[in-house]
Every structure is written in C-alpha cells, then in structure tokens.
Amino acid sequence: MTTPLLDLHGISKTFGPVRVLDRVDLTALPGRVLALVGENGAGKSTLMKIVTGIYHPDEGGEIRFEGQPVRFTNPRQAMDAGIAIIHQELNLLPGLSVAENMFLGREPRGPFGLIDWRTMRERARALLHRLKQDHIDPAWPVGRLGVGAQQMVEIARALSLDAEVIIMDEPTDALTDVETQILFEAIRGLKADGKAIIYISHRLGEIFSQCDDVAVLRDGGMVHTGPVAELTEAQLIHHMVGRDITDQYPYVPAEAGPVRLAVTDLTAEGVAGVSFEARAGEVVGFAGLMGAGRTELARAIYGANRIWTGTVLLDGAPVRLKSPRDGVRAGIAYVTEDRKADGLIQPHSIRFNMALGSLGRLCRAGGVVDRDRERSAVAEYMRVFAVKAPDMDAAVQTLSGGNQQKVSLAKSLLAQPRVVILDEPTRGVDVGARREIYQLVNQLKAQGLCVLLMSSDMPELLGLSDRILVLSHGRVTGTFAHGEATQESIMERAVAVP
Amino acid sequence: MTTATPQRTDERRTVPPKSQGNPALRFLAANKSLVGLILLMAIVSAVSPNFLTFDNQMNILRQTSINAIIACGMTFVILTAGIDLSVGSVLAFTGAVCASLVGGDTSLWIALPATLALGAALGAANGAVIALGGVQPFIATLVSMTVLRGATLVYTDGRPIGTIDGQGADAFWAIGGEYVFGVPVPVLISAVVFIVCWFVLSRVRFGRYVYAVGGNEQVTRLAGIDITAVKIAVYAVSGLLAALAGVILTARLESAQPTAGTAYELDAIAAVVLGGTSLMGGRGHIFGTLVGALIIGVLNNALNLMEVSSYYQMIAKGAVILLAVLVDSRGKSSS
C-alpha cells in the first residue's frame, strides 16, 4: 500500500470553551483527489488552517507528512515542507507580473544579488507549460488576467514550491464553465504527477465527477470517510446535515396578517428574477449556498444595490428604491451580515450607533438632538435586548459578537420599520446569545413585523421560518412551508441548477 | 501613566464614560493638548515677564483668531476623513471680492452676506467634486487651491484692493480692528464661531452625521443617511469660515492682498491635528482645535517675545508640532 502524503490522526482544536474539531482523522494519498465537505461552520477551514500551520492543534493529535511526524509552527514551514493552499480569495498582487507573483520572496538571483529576470521568466514559463497554460505570458501583470487564469498562476506557484499536497478552497466559485473545465484538466495532470489534492467544495456535482475520496465533517467531527463511488448523492447529503434538530428554536405559529411585501420579477446584481410575497407577522426564511444571491436580494430590497427590473410593493404601494435612504424611509430595515464592515461604527458608543438611523425622530426643531429622548430610547432598547455593557457610552468594539449583533438589531428596529431583513443574524454569535436573538425574532413577528431571514444555518432556518424559499444562482428553486422542509430537501434544491 | 485614560469612544471626550479614577486626571489624560498648552504657557511666562500681561494675551488671541476660525471649518472636514487645502485661496479670493464691494460703496449689509455666501458656494463646489465626482479630497482641494489663487490674481490684477474709499469703510474696519470692552472684535467673532461649531457637532443631527461619515462611510450610508449631502455641507462650512476669515483679515488691513492666506491651510491642519482630531476621521473635538490653534498662537508670540529670528521660528514650530503629535500617538497606541 502507498504511504499517505498527509496523515492526520486525532486532531482536536478548542477555542476557549468551544471545541471546534474533535479527534479528526484525515488521510490524503498521492495521485488522488480528496473531497472535504461539510456545512458552513463544520470545521473545514479550521482543519485546513491546522494543516497549513496557521493554527496549532491541541495536544494529543499527530500529523504525519510523507510518513514523518511534523509540527508546523508557522505557515512558512508548511509551505517549505510542501503543503500549498489556494484560497478562495486569491492571494496575488495585481500590479506585479505573473512571474513576480510566482516567485515573490524567492526570486532567482544573479550577480550582485540582482534579480535574474530571464531565469525567473523561463522557470515561470516551464511551470505554466506543465499546466498547459502556454497562453499566459509570465511578463503580464496579474491584474489583467481573468480569475481562472489567476487561479492557474496560484497553482503554478504551488508547483514552483514543489508542493506535494495542494489544498483548493472552493476553487470553482468564481470560475466560468470553460475555466472550470481547464481547472479540472489541470487537476487531472497534478494527479498523474502523484500529487495529493484536497478539494473543498459545496458543489456535489464536482465532488462526484472529480474526486476519488470524500471526507465529511459535521460539528467538528469526521462522520464519514471513504471512496466517492460508494456513496449516492442523497447519502452524502445525509452525512453532511444529518443531525437532529433539538428544541433550541422556539417556534411560534404565525398569525399571518395582510401581504406586506410583494416582490415581482426582481433582477439586480446576483438576482435573476425573484418573486415572492411576505405577510405581516410572518418570518420568511431564505436558504441557499454561498453566492446563491441571498445577500444581493436583501441589498436590492433595501435599496443598497440597484434594481434593474421588477417591482417591490410595500403594503400595496410601489416603493422607489434608489438608495438605502429610500429603504429606511419606506420602513425597510436591514441588519447586515458583516457587522464590522457595514453594521456598526466600531469605535463609537452604543448610543451613537443605535440612534444613528433614527435621529430624525429623536430631534427637536432645527435638527437639535433631543438628548433626553435619545437616552431613554436607547436605554429602553438596551433593556429589551438585554445588551450586556457597562453603559450606553461604551464603545461598540468592546462588546462581544452577540451583544454587537443586538445593538445592530436595535439600531434597525429603533427606526420603526415595517419589514426587517436579517442577514446571517447569528454569524459569530455564541449559543446563549443565539437563543436570545431567536426569541427576539419571535417577538418581532408577534408585533406584526414582516421578517426576512437570510441564513446559512439550516437548523436556524427550519426552526424559525414560517416559510422557506430556497435560492440558487439568483433564482427561487424551492418553497417550503414550516414543517414541510428538511435539511435534505433544502440542500437538494440549493444545489439545483435552475 | 495612561492606565486611567478612558477609551475614546465618543465625540464628547469632555464627558468620558463612567469608569474608575479621578475625574480631573481622566479629563487631563483625555486632553493632552490642553496640558501641553498650559505647560507651554507656564514656561513662556517664566522666561518672558511680558507674556502674561492682558495686552499681550489679547494680542495672542487676535493673532490666533484668523487661524482658529479656518481651523473650525477644517475640523468638520477632517472629521469626515477629508482635507481642505483650498482655505487659504478661498480666503484670498473672497477677501478680494469683499474689498472691491466695500470699496465700491456697496452696503455692508449686502457685501458681507454676499462674501460669506460666495465662500460657502466655493466650498460646496469642492464638496460636490469630491462627493459626486469621486475625486480624492486632497486632489480636489489642491486643484481649487491653485485655481482660486489664480482667479484672485486675475481679479485683483496682482495688486492690493483698498477699502478706505468706500462709504462703509470705518464700519468695515471695525470688524477687524475695533475692541469691545478691551477685547478685539475678531476674538469675539471667533468665540461665537467656536460656540456654534461646538453646538452643531455635539448637539445637532448634522454633527452626528459628520462623525458617522468619518467613522464608517458604508455604515452611515446603509443607515439611510445621505452622505453626499453631508460631505458637500462640510466643505461648504469650511469655505464659509475661510470667507469669514477673509473678511476679518481684509477689514483689519483695510485692503485685500492677492497673496493673502498663502499656506494658511497648513496652520489650520496643524491646529486640528494638535487638538487630537484623527486624520482618519470620526474622532476628535472642536475644543481640541481651539487648544491647537492657541498652541500655535502662543508659540508664535513667545518666539517673537524671545526675539528668535523668524527663520528659526519655523523650525521651532515644526519641532513642537512633531513632538505634540508623537506624544499623542504614543498615548493612543498604549491605551
């Protein structure tokens, strides 16, 4: 039997009290493509960060590379040993040439320590030739290449490092069909050279067509490993999502009111013709894989992204949505997926952030902020939301993720919206705060608000939504009522090509 | 030493969040520039007995008032993470227009509002190029600094424009040269400007939006705030206050000089930065700007009293500004 190139045994990783990986085994064999699959948050990226030396595993596990036990303390060591990772967001410098990118920090030197440009270009050309990418000129700036060609440059860089194990994280996400085929051909070439490839993907089709073995992570544990050929698609999905839904989702049946939001044939960036209705007092969940168009849909309904065609009716009246300002004025609140970048102004206080979108209501004549009203409104919301902070003048950046999310929610609700869009409301939020946020969602529903819930967390979607719409490639590919949907049926629609 | 420093969480550093420690000490730690000013004044008064006299103090305030008024407008701009290099040229151009109006017998009731409106419009044009045209503030205002300086030279034909022939000449002079209860009028004007700016920045909705835009533009936009309008408005404020400074300077000299206000933008930026306002936007206070302007004013005055050659004065001024900013940034990184 061949020696595994990479052999992980009993790898665990804990962050504080949270065990992210629990005694995981993983074996990558030369000349084979290993698919690593699992839901978001299952521990795939943590595992890969351990393999590439970014994180250190807990005591007790063992990593063997080419049969020898190894212990990487930084990414450089893993790279030098021969483990390369190609990240989803490519790590290339757009202004530098292809060859410069490939040999960055390892440029071949000539006399007087000057860079030997000729040798560098020739070696770059040879590596690209190995990938059958002769049309890429090593002298071109990387920024002028398409995403697919950039990925080939990354792979060529991995080859230049003599990498034996090449990890690809969602490599086809940004590629066109043609580029994807070129990538697959390159992968077959690498296989023939005896490299081991670890292929991370959500796309089941690719796993069955390109991979030899599959390893399924769920909640930090390895639940299945074996040849791909021994599995059906349905079995693989079951392995990925097959956990029992416990009662951490306090579902309250809806007393649905009149139609509040009616979206018809909406197209916008990433949204290709979506229609749906949502009622007052209803939670409508949106499921889908990364890049399915959930955030884009939310941003279009809110006015942050331009609507190309289609209409949005709010309580029967058409709304003009040219900017987030229009959205806020119409009564649509958006709680962003990315609290750091576009949810809260981190160095400013809870009070400043919460009141920011509602100052119009909190002002006396002449635009002078009524500070008593502001303070009492903020205090009220801090109490209802149970925000844990020393006081309302504490900087938002000093709060935990869960508390920041509560402030972000409160900020949106303070503007007294009719529709609330929650985009990944529990990302980076610990279990206790999650349940509080779920209860808040139910309260909003009880108050007659219309809630749109975009989430990658399937149990959360199943547990809270009155209805679930599944998006794929910017279209609705499935609709389920509460209780009708299962994780398997949603996953099946989410991977469907409309 | 900085352990008692409260986190600079808010625009209102004068009312830090409740935490342990002596309130007076916390106030001083949060207002290092004020400590610097007091130290500077203590040193200078020990060296030069004339420094603390009422006349000299009023002299400092009068000399500081022009820069202080410009720096107030600059504070608005810098709080949004912008910069306005055109203030000196706006001052010169609006001053020239004002002088020709006053010298041409236009009523002050028309000439002064017209000049201020012109300044605000020039500033708004800067803001429009930045917010609508997507041009970097540095470049946009560098362009208008150059263009307006040229326009001033064209308008004045390179010669000073006198105001003494106008009917309102005496009343006009009073704006820059008169005293009320022993206090120079420009000092009173800048006091009013500071109070209004403080009120707007800390109490008015627009002030909140200024801090919000500088803190995180994307968040502000998504909160439904018209950031284009906020940006145009801050540059309009800067232009308006530069024009006000132009009026005062022209009144005092009873003429508009085509080269007036050259390099004033640098003193204004220095005052804002000395006052602890972050060039990255979102953090700072108008009170700090006042202190920053006074530090520069006291320094100029002290070096004159000590009869330091004006060549060396520039070196000394640069050194003090560097020192102050270094102390401030060390305090920030260790807290």
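A Cβ is built for glycine as well, from the same backbone N, Cα and C atoms used for every other residue.
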### Task
From the ranges B:34-54, B:97-117, grab the one TrEMBL calls transmembrane segment.
B:34-54
### Query
For the transmembrane segment (B:232-251), which stretch among B:34-54, B:66-83, B:118-139, B:179-201 has the most Cβ pairs under 8 A?
B:118-139
### Task
Count the Cβ pairs between the transmembrane segment (B:66-83) and the transmembrane segment (B:34-54) that lie under 8 angstroms and are 6 or more residues apart in sequence, then report whether there are at least 3.
no
## Note on the structure
Comparing B:34-54, B:118-139, B:179-201 for Cβ pairs under 8 Å with the transmembrane segment (B:286-303), the winner is B:34-54
